Amino acid sequence: GNFSQVTEFILQGLSDTRELQVLFFAIFFLAYTMVLLGNLLIIVTVRTDPKLSSPMYFLLCNLSFIDICCTSVTAPRMLVDLLSRRKTIVFEGCIAQLFFLHFAGSSEMFLLTVMAYDRYTAICKPLHYTTIMSRWACWVLVCSCWAGGFLHSITQTLLTIQLPFCGPNTIDNYFCDVQPVIRLACADIYVTEWLMASNSGLISLGCFLVLVTSYMLILVSIRGRLTQGHWKALSTCASHVVVVTLFFVPCIFIYLRPFCTFPFDKYVCVIYTIFSPVMNPLIYTLRNNEVKESMWRLWKCCRV
């Protein structure tokens with residue numbers, strides 16, 4: 001029958017060696033702290049400074065919030081497991097982690113695509129920028145990103161929970177993801193794996209291609225007429241490209257491969273679940289003078 005006998009899963013984590021577990025705990029605790037503090041600082045800075053009211057900073061504020069959500073789905077559980085001898089997660093908790101990870105992750109993919117469109121409009125259509133990227137349009141685009149993320153995630157979750165699980169129950173990863181979970185099902189998952197790859201993999205690849213195309217159009221449109229404003233915009237785009245590469249390339253590698261897994265897949269997952277959210281606040285603050293100046297003003301106000 002189509003029912004689940006498995007009540008919990010065992011997470012193998014990143015390593016069985018105690019010394020490495022302690023080292024990983026120190027590294028990932030520091031990384032998670034940087035994600036929380038860095039992105040919260042960006043959110044507070046953008047929300048409190050009227051000078052940062054442009055659509056780019058509105059989208060950046062939303063990106064910081066999604067980064068916190070996405071990392072918080074996996075990092076706290078991983079930190080606890082690194083100090084635990086028995087790394088188990090109940091079936092319902094595993095499905096919930098899977099749902100929220102894909103919800104936040106796919107929403108971030110869509111939002112990064114919207115941010116690329118924002119830069120394209122600002123550079124290639126500056127006279128129409130305020131009309132195209134109005135406050136109302138920004139809210140519609142952000143809400144569409146969340147709605148798209150929800151539809152993607154609920155599809156992945158429904159495809160997973162309809163499978164029967166009767167053992168084994170060991171997941172070779174540090175969190176519950178679609179691919180390692182469905183391979184434990186007591187059923188033929190040929191069609192399910194193709195559906196999963198078509199869903200997650202093609203969304204990742206499609207968003208990445210749209211992003212690359214938008215940046216190519218920007219380069220073509222300003223070729224031969226670079227001004228100081230264009231150089232500043234290109235610097236912003238360069239930081240976006242770094243974020244996009246760190247986030248999308250590992251996702252495409254993981255999710256666009258049905259029927260194929262590698263032992264190092266879980267280490268690749270660390271890039272887009274932990275280190276990519278760490279890089280966002282560093283890139284967007286260190287390479288943006290307006291944000292740095294706003295943070296400095298916020299610091300002086302707090303001291304007073």
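Glycine too: its Cβ is placed from the backbone N, Cα and C atoms.
Over the domain 'G-protein coupled receptors family 1 profile' (38-284) the predicted model carries a mean pLDDT of 87. Marked as domain 'G-protein coupled receptors family 1 profile' by TrEMBL: 38-284.
The feature transmembrane segment is assigned by TrEMBL to 20-44 (among others).
The transmembrane segment annotation in TrEMBL covers 56-75 (among others).
Marked as transmembrane segment by TrEMBL: 95-115 (among others).
If you look at the transmembrane segment (136-155), the same-chain residues 6 or more away from its ends with a CB under 8 A from one of its CBs are 55, 58-59, 62, 99-100, 102-111, 114, 117, 199-200, 203. TrEMBL lists 136-155 (among others) with the feature transmembrane segment.
The annotation transmembrane segment is assigned in TrEMBL to 202-222 (among others). For the transmembrane segment (202-222), same-chain residues at least 6 beyond its ends with a Cβ under 8 Å from one of its own Cβ atoms are 106, 109-110, 112-113, 116-117, 119-120, 123-124, 152, 230, 233-234, 237, 240-241, 244, 248-249, 251-252, 255-256.
Per TrEMBL, the feature transmembrane segment maps to 234-255 (among others). For the transmembrane segment (234-255), same-chain residues at least 6 beyond its ends with a Cβ under 8 Å from one of its own Cβ atoms are 56, 105, 108-109, 112, 115-116, 119, 123, 177-179, 196-197, 200-201, 204-205, 207-208, 211, 215, 218, 222, 226, 265, 268-269, 271-272, 275-276, 279-280, 283-284, 287-288.
Residues or ranges marked as transmembrane segment by TrEMBL: 267-286 (among others). Remote same-chain residues near the transmembrane segment (267-286) are listed as 14, 28, 31-32, 34-35, 38-39, 41-42, 60, 63-64, 67-68, 70-71, 74-75, 101, 105, 173-175, 177, 239, 242-243, 246-247, 250-251, 253-254, 292, 295 (criterion: CB distance under 8 Å, separation of at least six residues from the stretch ends).
Remote same-chain partners of the transmembrane segment (95-115), defined as residues 6 or more beyond its termini with a Cβ less than 8 Å from a stretch Cβ, comprise 56, 59-60, 62-63, 66-67, 69-70, 73-74, 77, 89, 141-142, 144-146, 148-150, 152-154, 156-157, 160-161, 175-178, 181, 200, 203-204, 207, 210-211, 240, 243-244, 247-248, 251, 272-273.
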